[in-house]
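Noted in TrEMBL for the protein shown:
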- 35-55: transmembrane segment (TRANSMEM)
- 119-137: transmembrane segment (TRANSMEM)
- 149-167: transmembrane segment (TRANSMEM)
- 187-210: transmembrane segment (TRANSMEM)
- 231-251: transmembrane segment (TRANSMEM)
- 292-312: transmembrane segment (TRANSMEM)
- 324-347: transmembrane segment (TRANSMEM)
- 353-373: transmembrane segment (TRANSMEM)
Amino acid sequence: MSTTAAAINSTVANGATNSGLKLLVTKGPQAQKAVGIWLFGCAAWVFSLVIIGGITRLTRSGLSMTDWKFTGEIPPMSDDAWQLEFEKYKQSPEYKRVNKGMSLEDFKFIYWMEYAHRMWGRALGFLFAGPFAYFIAKGYVTRQLGLRLSALFALGGAQGLIGWWMVKSGLEEPTSEYVQPRVSPYRLATHLTSAFAIYCGILWTALSVVMPYPPTGSMNWVNGAAKIRKLAIPVSAVVGITAISGAFVAGNDAGHAYNSFPKMGDTWIPEDVFSMEPFIRNFFENTSTVQLNHRILATTTLLSVGGLWLAARKIDMHPAVKSLIGSTFGMAALQVTLGISTLLMYVPTSLGSAHQAGALTLLSLMILLTHTLRRPSPALLKSLATAVKPT
């Protein structure tokens, strides 16, 4: 992957120099590099935040803190403070129905998991806002880039509110005494989708800063990229939809049902897949339907990325782009393997978090691919066309 990126960067640098492209960052290559490093660092931070959130959910730590403050809070520093927090948790439905009799030491573990997740998110705000203000003061940031980053910063702030809105649903008494307390799958999906949107937005912007122009090389390569782009965009959509469907699997604890593959228990399709009314609820609240839906989407993703890889082998295009498509196919295969293994082993924390990381990695590769396959500017297309004319 590093070789692929280096090849793309080399070609892009030449293209951007000769095309008169309007860059997102002013003040020269050093400023461009500094802003790019900062944005990639923020993207990596969001990636880690998503993984920490997944571990928090898998260890059932997300409902351990029963209140929320926008500015954050100091953790318990004394035995009395810990006992007070523990007493608050004892009033929650999760303690009463799932963790009754839990020791204070066990409570401390789940509390620290949730606290770390919250504070890691708040730290991202400082990591983003500080350098952003500095780069604006230095005059590095163009108006277009400034507006885009401001929107991402606002979405990041709203993400904290969305997270508490999600947690609050898990602190309410379940409608039935036989149902375990858990957050709303709709709110969990909203929280995860928002996190993915922030990550994708930052990553795409970082790529636009350091690779303002797609690799070209020749008109044949440009034409080949255009053909693959028509396939890559819908494949990217399938990858994204599959990732979001995973949020409903998590929100309904659907990974703990039908721990067999390829069949779901003794059948291919469970009998109760359409048992809920109204019909649409089955796709978001019915454990059987949610898991079946995710299996179908995951298989569709693997076949779609595989088809993209096969199509790319027959098209004349930049070698680095071909290598990137091959890496994406390999990641898709690994992700399906992780998903099946997670299911068969009853969702251990290690595999569950690895599966979530795999989803974000696959999405990252698709973002890099679609960004790389962008259409070159008219100025560069004209220069390429001129270069191939006979003299």
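Placed from the backbone N, Cα and C atoms, the Cβ positions cover glycine too.
Because TrEMBL annotations are produced automatically, they should be read as predictions rather than curated entries.
Fewer than three CB pairs closer than 8 A are found between the transmembrane segment (353-373) and the transmembrane segment (119-137), and contact between the two stretches is not assigned (pairs 6 or more residues apart). If one looks beyond the transmembrane segment (292-312) by at least 6 residues along the same chain, the residues whose Cβ comes under 8 Å of a Cβ in the stretch are 227-228, 231-232, 234-235, 238-239, 241-242, 245-246, 248-249, 254, 264, 269-270, 273, 283, 321-322, 325-326, 328-329, 332-333, 335-336, 339, 362. Simply put, out of 119-137, 187-210, 231-251, 324-347, 187-210 has the most Cβ pairs sitting under 8 Å from the transmembrane segment (35-55).
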